[in-house]
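Read through the structure below, which is laid out as structure tokens, and then see the notes.
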Amino acid sequence: MNTELLAADKPADLNRAAALLQQGALVAVPTETVYGLAANAADPTAVAKIFQAKGRPADHPLIVHIPDLAMLEQFAIKIPATAYQLAAAFWPGPLTLLLHKAPDVSPVVTGGLETIGIRMPAHPALLALLQQARLAVAAPSANPYKKLSPTRASQVLHGMAGKVAAVLDGGPCQHGLESTIVDLTGEQIQILRSGPISATQLEQVLGCRVTTPLQHQVKVSGNVGAHYQPNTPVYLLAPEALLARLASSNARRAVLYYSALPVTNAAYQQQLPATAAGYAQQLYHQLFLADQQGVAEILVEQPPHSPGWEAVQDRLRRAAHHE
Ligand code: TXA
Ligand code: MG
């Protein structure tokens, strides 16, 4: 398959992307979090192609992206008031609501589960595309299974060229990490995946406690230990341990740090922003670049454990997970 590169700011290209989705083809699309691999959510044959292209197990559920609130009721039932409160506060935006699925939603979309993840994405080109095509799309991140999520169109092509009909280039992603997933189907409101919207922000809107269990039974592909991994092994280290490892031998290493570390003897080094949002926006991109330097290891300085850094900590822990 010859993958077409389309530009999100060209109306003719948006039309082309809409037509491809309507025909049941896969189109990688920009979102405000990471790039997604989209198929018409109402077409199970199209959705099945996503699993093929990603090499993702069929029982891993997908998030459905809707262009307007009216569509929520096409995909979910028994929608609690909390869902509407959160939608009013955070949609369009990086928050996925886990709800009970409507009976006619194909089990291909939900990996056979009775629940469904739904969000309204904030990227203007994607919203325009979905409104124009009058459809919702099922879309996981546009990376091969377990690899880094792409935050640039060029990175999508790196992993998916030849496997998708088109990539819609909408520029670098604003947040750089996947959406927060909040489960509204149980008695307790729980965050299943940390993301740009924090527990505190959710609590302020809901006026009740939102927990973030470290371990949960819910099937979230990001919930497997090793995930979001570059090909090069990643080591997450405190500053002293990182500098000691650099000094220990002349192995070719890449170093990603954020504080004023006196880094020497590194084959490649990059300083990331010291704010949580700035760091998150850069993280996958910098891991991707470091992965291309022909180094033996990527050493990452352990970032702060302070509030606001939960999603960064979560992704780094998984990137540095060694079996
Ligand atoms: O920001 C995002 O959420 C990006 C962009 C493209 O929207 N999407 C994304 O999709 O990260 P994906 O498939 O890479 O991760 C979605 C996560 C998976 O871990 C999946 O298991 C979980 O959402 N998920 C989806 N539906 C679910 C369900 N019904 N129950 C539990 N987890 C679900
Ligand atoms: Mg993913």
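Using N, Cα and C of the backbone, Cβ positions are placed for all residues, glycine too.
Worth saying up front: this structure is predicted, and the values here are computed from it rather than measured.
Counting only same-chain residues six or more apart in sequence, the Cβ atoms lying under 8 angstroms from the Cβ of T33 (L-threonine binding site) belong to P94, P121, C173, Q174, H175, G176, L177, E178, S179, G195, P196. In the three-state DSSP scheme, T33 (L-threonine binding site) falls into the coil class. As annotated by TrEMBL, L-threonine binding site applies to T33, H65, R119, A139, S179.
The secondary structure of S149 (ATP binding site), as reduced to three states from DSSP, is coil rather than helix or strand. Sequence-distant contacts (6 or more apart, same chain, Cβ under 8 Å) of S149 (ATP binding site) comprise V34, Y35, S141, A142, N143, L177, E178, Y228, Y284. The ATP binding site annotation in TrEMBL covers R56, T115, S141, S149, R193, Y228.
Residues or ranges marked as domain 'YrdC-like' by TrEMBL: 11-197.
In the three-state DSSP reading, Y228 (ATP binding site) counts as coil. For R119 (L-threonine binding site), other Cβ atoms within 10 Å of its Cβ number 24.
For R193 (ATP binding site), the nearest neighbour among the binding-site residues H65, R119, A139, judged by Cα separation, is R119.
Checked against R56 (ATP binding site) by C-alpha proximity, the binding-site residues H65, R119, A139 yield A139 as the nearest.
For A139 (L-threonine binding site), the number of other Cβ atoms no farther than 10 Å from its own Cβ, over all displayed protein chains, is 27. The Cβ of T115 (ATP binding site) lies under 8 Å from the Cβ of P61, L98, L99, H100, K101, D183, T185, each on the same chain and at least six residues away in sequence.
Selection of the binding-site residues T33, R56, T115, A139, S141, S179 by a Cβ distance under 6 Å from ligand 1 yields, in sequence order, T33, T115, A139, S141, S179.
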